[in-house]
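Have a look at the structure below before the remarks.
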Amino acid sequence: MSGAALVAVAAALGNLLQGWDNATIAGAVLYIKKEFNLESEPTVEGLIVAMSLIGATIITTFSGHVSDLIGRRPLLIISSVLYFLSGLVMLWSPNVYVLLLGRLLDGFGVGLAVTLVPIYISETAPTEIRGLLNTLPQFMGSGGMFLSYCMVFRMSLSPSPSWRLMLGVLFIPSLLYVLLTIFFMPESPRWLVSKGRMIEAKLVLQRLRGREDVSGEMALLVEGLGVGGETSIEEYIIGPGNEIADDPELIDDKESIKLYGTEEGLSWVARPVAGQSSLGVGSRHGSMASQLMDPLVTLFGSIHEKLPNTGSMQSMLFPNFGSMFSMAEHHGKNEQWDEESVDRDGEDYASEGAGGDSDENLRSPLLSRQTSMEKDMAPPSHGSIFSMRHHSSLMQGNAGESVGSMGIGGGWQLAWKWTEREGDDGTKEGGFKRIYLHEEGVPPSRRGSLVSLPGVEGGPVEGEYIQAAALVSQPALYSKELMQQHPVGPAMVHPSETAKKGISLADLLEPGVKHALIVGIGLQILQQFSGINGVLYYTPQILKQAGVEVLLANIGLSSDSASILISTVTTLLMLPCIAIAMRLMDISGRRRLLLVTIPVLIVSLVILVIANVVNMSSVLHAVFSTICVVVYFCCFVAAFGPIPNILCSEIFPTRVRGICIAICALVFWIGDIIVTYTLPVMLNSIGLAGVFGIYAVVCCISWIFVYLKVPETKGMPLEVITEFFSVGAKQAAKND
């Protein structure tokens with residue numbers, strides 16, 4: 001965990017530089033206006049501030065697609081270099097035009113960092129603390145603002161403050177970012193897998209997780225390469241695979257199936273449960289709001305209502321049955337992702353990309369098992385799946401011992417099952433199905449035998465059995481063309497073959513991806529038009545117009561210094577609020593934090609409107625305005641600030657994650673430009689009351705959108721989240 005956390009901190013330094021820039025321009029613009037006589041030209045003033053946003057918008061249009069092609073790390077290196085160069089240019093700036101160039105370069109760096117840092121952290125973070133680590137960019141951004149405001153406030157006390165020095169100091173922390181991106185930060189393991197660079201991905205995962213065995217997560221990353229597909233929700237009673245060798249009734253059971261785990265020799269016996277799984281059955285109460293709620297929200301909600309231990313770092317599929325997840329019997333040192341694993345018979349299944357390069361000779365986890373099946377047996381007949389040679393021989397482990405490498409995070413487990421169907425010519429064809437499993441909330445008193453669980457008939461069967469929900473779909477590396485050449489088993493091709501296909505328009509039009517884009521784009525639009533970035537850029541001026549200098553007039557501070565000092569204190573108060581949000585992100589969840597904090601934003605904005613409409617003393621007006629602005633900032637950075645980016649980094653499939661997040665980021669920057677560029681004009685025309693009134697209305701709309709459309713994603717692997725989006729989107733389409 002410490003490896004992933006350190007890498008996340010290093011990546012989030014790009015957001016610290018963004019926060020640093022936001023605060024310095026907010027303070028420096030007070031002095032830029034005086035030097036270049038911009039008091040009567042608010043459009044030029046707005047352009048200086050918005051030029052960074054224009055640069056971010058330009059580079060965001062292609063950053064996602066480029067990151068899918070060349071990787072996340074190279075673009076983060078470019079971002080750090082752009083930060084460094086922009087600091088030097090702004091330090092020199094002899095006129096407005098050079099200043100605008102420096103702001104443009106800075107915007108390029110900001111755009112790359114804001115787009116790619118959430119992707120990078122999500123793709124490297126463990127499932128159980130992904131929300132916490134992905135809140136780091138918000139924490140680092142606010143920390144950068146605080147440090148910058150401290151610097152600007154100190155400079156504002158000098159007889160002739162230098163705005164060039166305020167802006168140019170950016171090159172010092174950006175130099176540290178350059179060094180970290182080049183020499184410390186690894187490439188995203190998910191991106192490496194998507195390009196077939198399996199050995200590199202395994203080494204990165206071992207470093208990030210601090211353990212040798214990462215086979216379960218490696219298999220998960222391969223399965224995450226698919227986009228869309230038909231997924232069904234099923235329910236199983238699952239027991240140890242070695243039970244089949246001892247119980248003739250299970251062998252003869254025509255309904256029982258065998259599930260294969262991510263390790264060679266790791267398997268379970270399972271029996272489908274009749275009826276609908278409780279997974280996906282949400283708690284609707286018949287209210288109008290419930291009827292309007294997106295089925296996707298209900299589907300995700302049922303996971304957290306029905307399934308125990310979701311989001312816990314210690315949760316596993318079978319938390320009480322350590323023997324079931326103990327290490328399987330190995331035939332020598334079984335490293336499925338190593339080069340040695342391809343030195344076997346049955347090379348009929350070799351991928352077209354196989355060659356001398358060790359990366360190109362690697363296969364998916366099922367390939368060695370599948371080729372052994374072809375070698376050792378004829379195609380299995382219906383009901384005889386348990387005759388396969390590789391039935392599990394699980395070793396007994398210590399009671400309660402958990403083997404973290406076996407799970408894929410958040411209590412989920414990846415498995416496969418063999419299925420058969422009869423072809424047009426009467427022959428039977430076989431293939432694997434991918435399954436994401438999670439234990440359902442069955443009371444402990446009902447565990448222990450199949451007969452004690454609902455939907456299961458027959459006599460008692462002793463052993464360790466649990467009831468699990470299952471998402472069943474086609475494996476990502478299933479090739480229909482190669483299946484025709486090899487009738488036994490699926491053709492599990494090398495991930496690089498999938499990567500060669502690239503991204504097509506059909507991938508973006510897949511129902512789950514479209515649904516995720518609606519959620520992501522909607523959140524980004526509403527976040528920006530709630531006004532946060534405009535308020536942040538112009539906090540000193542807003543507080544000055546609110547009369548905040550009255551509060552500090554007695555200590556001899558100028559109005560400019562007083563407003564900067566209040567901004568400094570405000571950003572300092574943000575930090576503990578974000579720290580609390582980091583703790584709650586994986587406990588309470590993203591959705592609940594939004595639903596709780598947005599009403600506080602609305603109340604603070606309404607009070608600000610009232611304070612600026614009702615006649616009151618200048619001191620009382622300043623007190624109300626300052627308190628409400630501080631409350632607004634603190635609540636915003638705790639939830640509505642980081643969560644849209646967190647969700648956007650979680651809800652898209654690996655193959656299209658870069659381009660989809662770039663689309664959401666483009667919407668983010670366009671909204672940011674509109675809000676930032678128009679705020680000075682709005683302040684002059686409708687005043688603070690009108691501005692905050694508009695923001696309050698947008699926040700009301702935001703709460704409704706979150707309640708009806710935004711699902712809870714805490715404690716779920718990224719690949720499982722995208723699977724649920726696909727299922728939920730198709731369910732919503734059927735209901736329409």
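Keep in mind that glycine also has a Cβ here, set from the backbone N, Cα and C atoms.
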### Query
With the ranges 43-62, 503-522 to choose from, which does TrEMBL describe as transmembrane segment?
43-62
### Query
the transmembrane segment (685-708) vs the transmembrane segment (562-581): three or more C-beta pairs under 8 Å (separation of 6 or more)?
no
### Task
Please give the sequence-distant neighbours of the transmembrane segment (659-679): residues at least 6 beyond its ends with Cβ less than 8 Å from one of its Cβ atoms.
46-47, 49-50, 53-54, 56-57, 60-65, 67-68, 111, 114-115, 118-119, 503, 508, 513, 516-517, 520-521, 524-525, 527-529, 531, 533-535, 537-538, 644, 648-649, 652, 691
### Two-stretch contact, the transmembrane segment (620-647) and the transmembrane segment (74-92), at least three Cβ pairs under 8 Å
no
### Summary
Contact count check, CB pairs under 8 angstroms to the transmembrane segment (74-92), set 133-157, 163-185, 562-581; argmax is 163-185
### Spatial neighbours of the transmembrane segment (163-185) far in sequence, C-beta under 8 Å, 6+ residues away
7, 10-11, 13-14, 16-17, 20-21, 24-25, 27-29, 31-32, 35, 73, 76-77, 79-81, 83-88, 90-93, 102, 106, 109, 120, 144, 151-152, 155
